Amino acid sequence: MVRIGSSLLLATLAATTVSAASDPPKCSQDSHCPEEWPCCSLYGQCGTGAYCLGGCDPLMSFSLDSCTPEPICQGKTYKDWSNLDNLASNTKYLGDASKSDWVYSGYPKVEDGNLLLTMPKNSVGTLIANNHYIWYGKITAKIKSSRGAGVVTGFILLSDTKDEIDYEFVGADLTNVQTNYYFQGVLDYNHGGNASVSGGNTFGDWHEYTIDWKPDAITWSVDGEVKRTLKKESTYNETSKQYMYPQTPSRMQLSLWPAGQASNAPGTIAWAGGEIDWDSEDIKDPGYYYATFGEITVECYDPPSGADIKGTKAYIFKDKAGLESSVQITNNKTVLASFGATGLDMDVGASSSASGSANKTSSSANTVPSGNGGSGNEPGNSHSGSSGSGTSTSDGSGSSTGFSQGSETSASSNKNAAPSQNERVLNGSFFAVLVAVVALVTL
């Protein structure tokens with residue numbers, strides 16, 4: 001769910017006004033971003049531009065309006081994967097969801113009318129996020145997972161305040177898919193569970209996976225068969241006096257990443273089935289690990305009862321509670337003029353961006369967050385929950401747990417990114433990355 005880079009190997013445009021420092025400022029609940037770099041990314045780093053788009057955490061940013069408003073839900077079916085025209089690189093995307101439904105980092109491909117997420121040798125994989133947020137709805141995808149120890153495929157919903165609903169496929173176990181959920185990133189390893197898949201081959205066979213997210217319940221289904229149901233009422237926490245239930249607008253994300261990378265936490269590697277084999281059958285031919293996505297559908301539900309509706313275009317947070325009641329639907333614009341712009345001033349750099357000037361308005365370390373396709377809630381993490389409420393209640397569905405996928409990973413335009421893993425842990429009530437060394441190469 002979240003990653004905060006401990007160091008970044010920068011490969012930026014020749015910028016005249018960008019700081020030479022290799023590390024962006026860090027952010028947490030107790031240390032918000034400075035006004036100069038007001039947006040807190042999923043990785044707990046501060047910046048402008050893409051830092052302020054999808055994944056920007058308003059609770060750790062300079063102010064709630066540092067992050068851009070997020071495009072409202074759009075019901076749609078995606079089934080023509082004959083090209084990648086509907087995907088924008090995260091080093092190019094500035095928030096116009098009307099031009100690109102998806103933003104990506106890594107190595108997406110198309111083959112036989114399907115979308116492939118690929119992971120070449122020693123790379124950090126691929127992550128694709130839908131640019132239209134969902135505030136309750138149903139998502140369904142036809143998937144053939146990746147395979148192999150240490151290789152993980154994700155199909156999830158993730159909000160900017162780190163509510164999360166997951167499907168995770170561990171390549172060492174092709175007979176099951178893992179389900180999980182989180183509220184504001186609070187770690188509770190009792191929230192996970194395994195769902196068996198008929199035929200016992202998530203890699204070789206197509207299966208249809210559905211998340212049906214309603215204000216009062218979440219249902220996970222495989223091939224139309226309900227595998228798990230979570231009732232909101234079962235998530236009430238007596239300590240915090242609140243429901244630890246995913247309830248804020250979320251992005252659909254698809255990912256493939258190396259959970260079994262040698263640099264990861266031992267518990268993470270064990271959960272992933274062992275260290276990844278970079279000389280495996282798939283690495284030899286076709287030359288990469290891969291997960292295959294076919295038709296993907298999004299059905300948007302009506303806003304919850306009592307929702308604060310002031311428009312029809314975008315979601316914003318109006319208070320720092322990060323709850324369903326904190327969300328407002330507005331007509332605010334969602335598009336930045338440049339990578340130097342933020343939610344505080346979305347028109348910064350309009351003229352220089354148009355002229356192609358290489359300065360803070362170009363993509364760089366402090367304007368495009370970097371990470372990889374996996375993050376968060378990893379086994380072996382000893383850190384505790386975020387809201388000071390202790391461990392949230394469990395629905396008793398099992399104790400299995402896995403990673404959740406984040407967003408905003410940087411795309412490499414040549415070769416492979418450095419093999420590192422950004423893992424989410426909690427720092428007070430927010431996240432800090434354990435490992436993040438990614439070579440950022442802008443397109």
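Glycine is treated like the rest: Cβ placed from N, Cα and C.
Taken from Swiss-Prot as is:
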- 411-420: compositional bias 'Polar residues' (COMPBIAS)
- C56-C67: disulfide bond (DISULFID)
- 21-306: domain 'GH16' (DOMAIN)
- N194: N-linked glycosylation site (CARBOHYD)
- N237: N-linked glycosylation site (CARBOHYD)
- N332: N-linked glycosylation site (CARBOHYD)
- N359: N-linked glycosylation site (CARBOHYD)
- N427: N-linked glycosylation site (CARBOHYD)
- N416: GPI-like-anchor amidated asparagine (LIPID)
- 350-420: region 'Disordered' (REGION)
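This view paints the features noted in Swiss-Prot onto the structure.
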residue	record	DSSP (3 states)
C56	disulfide bond	coil
C67	disulfide bond	coil
N194	N-linked glycosylation site	strand
N237	N-linked glycosylation site	strand
N332	N-linked glycosylation site	coil
Given the glycosylation sites N194, N237, N332, which one's Cα is the least distant from that of C56 (disulfide bond)?
N332
To what whole number does the mean pLDDT across the domain 'GH16' (21-306) round?
96
Checking your reading of the structure: which of the recorded positions C67, N194, N332 lie inside a 10 Å Cα sphere centred on N237 (N-linked glycosylation site)?
none
Inside 10 Å of the Cβ of N194 (N-linked glycosylation site), count up the other Cβ atoms and send me the figure.
19
Is it possible to get the count of other C-beta atoms within 10 angstroms of the C-beta of C67 (disulfide bond)?
29
Cα-Cα separation of C67 (disulfide bond) and N332 (N-linked glycosylation site), in Å?
12
Other C-beta atoms within 10 angstroms of the C-beta of C56 (disulfide bond) total 27
One should report the C-alpha separation between N332 (N-linked glycosylation site) and N194 (N-linked glycosylation site), rounded to whole angstrom, as 41
